[in-house]
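Chemist: Have a look at this one before I ask anything.
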Amino acid sequence: MASLALTTTLPSLRLRRNTAAAAALKPNRLTSLPRSSLKPNLSTSISSFPNFSLRKTNLALTRKHSSLTVRATAASITPAPAPAPAPVQPWQGAAIKPLLASIATGVILWYTPVPAGVNRNAWQLLAIFLGTIVGIITQPLPLGAVAILGLGVSVLTKTLTFAAAFSGFGDPIPWLIALAFFFAKGFIKTGLGNRVAYQFVKLFGSSSLGLGYSLVFSEALLAPAIPSVSARAGGIFLPLVKALCVACGSNVGDGTENRLGAWLMLTCFQTSVITSAMFLTAMAANPLCATLTQNSINQTIGWLDWAKAAIVPGLVSLVLVPLILYVIYPPTLKSSPDAPKLAREKLEKMGPMTTNEKIMTATLFVTVGLWVFGGLLNVDAVSAAILGLSVLLVTGVVTWKECLGEGVAWDTLTWFAALIAMAGYLNKYGLISWFSQTVVKFVGGLGLSWQLSFGILVLLYFYSHYFFASGAAHIGAMFTAFLSVSTALGTPPFFGAIVLSFLSNLMGGLTHYGIGSAPVFFGANYVPLAKWWGYGFLISIVNIIIWLGLGGVWWKFIGLW
């Protein structure tokens, strides 16, 4: 280390000595010499002036050093390339235009004069509710975030108390839907979903349409026995449909949604509202219609009465709706003649059922059994689902970390509970009863025949469901009023009651929150929201034509009017 330091120091010492010698050569010393000694032709050798020789050498070195310095300086002042601009961070917040549309809707309605017969709180809550609905449609933020903003505004403006705003989280239906997603996780994780899906593909998979019909009529067979459309959709058919989509190469987020999944999800959803309308025990709110009918007109709607009236229009709808959706919203995968063979090969490769598959199968059978016979055992649908999930958690088939990772389940729980709370308090604040009475007075004053008056009433009853996040809430708020007015206008009472009962199910197909199966299938994220609402409206027209047109002829034939 010392030798290295010495080596690097020696040149600098030499340079200092040379510089000192050059500095010693001053003019006063040169002029003090004899003049003759300065003549160029003297024989005096240049070597007799050692300082001059050293100066010459030093000047040459200095010029060379200066030249190098200038060149180095010139090189050093060459402008360096401009640094690359830092990447601009994309905006992570809300989409501005949809957010402004949502806010504008609420603000305009908020400052609109309150109609007579409506209290200020009800009107303000309607403004917040409609603003939230616009936000859910335009999606400036994820649905759960939009719903939280709506609840926050309702609390900040004192329109709702905190307990009232978040009361929807105490409703069993949103939790049943979330639990259904957890069941779906176990169904797919264990491989049971793929096993069942391949069995379906083996039997019906040569065409997408055949696969769809096999699911539709399977659900129709289960509908009379399972009185919760949320349980049927979430606990049984959502896991199966998702497994079928994945098996056929249709996944969320990679551009293959339209290969099969989008059409299959929408078809299963729209037919779930039809099967719910076909049987008294197919939807939890159907017995409420029968109870209100008994209280209003003192007539009983029995299980056979309901099924007989619904069987013809119901079967026609189950056949036509999948076909119509197949035409207007077709899957790109239409036929796959090799699919059954591939499914058989996959089943052979999977081998016998694993332990986790057996646990999942047993848990599913117990849960479905409790859904079917829960009324006799006093066990409701949510309790049965919690019991089933508990078994899956204890056995490790599904872990709690995996449940926490199901973001769609928690998002759906959030926005659905928020809408249930706001819609429920619109009813409690008297807005729905005011709306019902206003409609009734208007239709009654038109002086039309009972057929036309009843037609107007049922359309208003049907499409007012955009304001409801629950069939039971809609039935409880408007069923009695509309039945009473239609009866007063000359509609046969039993006929009016049973038609309103059917429509109380079919109207659930309008939105992604109108019935228990809606958030289940929509939450799979195969169908964009705008298309969900658009096709929901189109299929509502189809169902109304079938049920009021062909159904009207059938009801005339069996003597309902």
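Heads up, the Cβ atoms here are built off N, Cα and C, so glycines get one too.
Automatic prediction, not curation, is the source of TrEMBL annotations.
Given the structure is predicted, the values throughout are model-derived calculations rather than measurements.
As annotated by TrEMBL, transmembrane segment applies to 95-113, 125-156, 162-184, 196-217, 260-286, 306-329, 359-376, 382-400, 407-426, 438-463, 475-503, 532-555 (among others).
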Chemist: Counting Cβ pairs closer than 8 Å, which of 95-113, 196-217, 382-400, 438-463, 532-555 has the most of them with the transmembrane segment (162-184)?
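Modeler: Between the candidates 95-113, 196-217, 382-400, 438-463, 532-555, the best contact partner of the transmembrane segment (162-184) is 382-400.
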Chemist: Does the transmembrane segment (95-113) come close to the transmembrane segment (260-286), meaning at least 3 CB pairs under 8 Å for residues 6 or more apart?
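Modeler: Touching, no - the transmembrane segment (260-286) and the transmembrane segment (95-113) miss the threshold of 3 or more Cβ pairs under 8 Å.
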Chemist: Which residues of the same chain, at least 6 past either end of the transmembrane segment (475-503), have a Cβ under 8 Å from a Cβ in it?
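Modeler: Beyond its ends, the transmembrane segment (475-503) has Cβ neighbours at 277, 285-286, 288-290, 292-293, 295-297, 299, 301, 305-306, 309-310, 313, 427, 432-433, 435-437, 439-440, 443-444, 449-450, 453-454, 457-458, 460-462, 464, 468, 547-548, 551, 555, 560-561.
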Chemist: If I count Cβ-Cβ pairs under 8 A between the transmembrane segment (196-217) and each of 125-156, 306-329, 438-463, which range comes out on top?
Modeler: 306-329
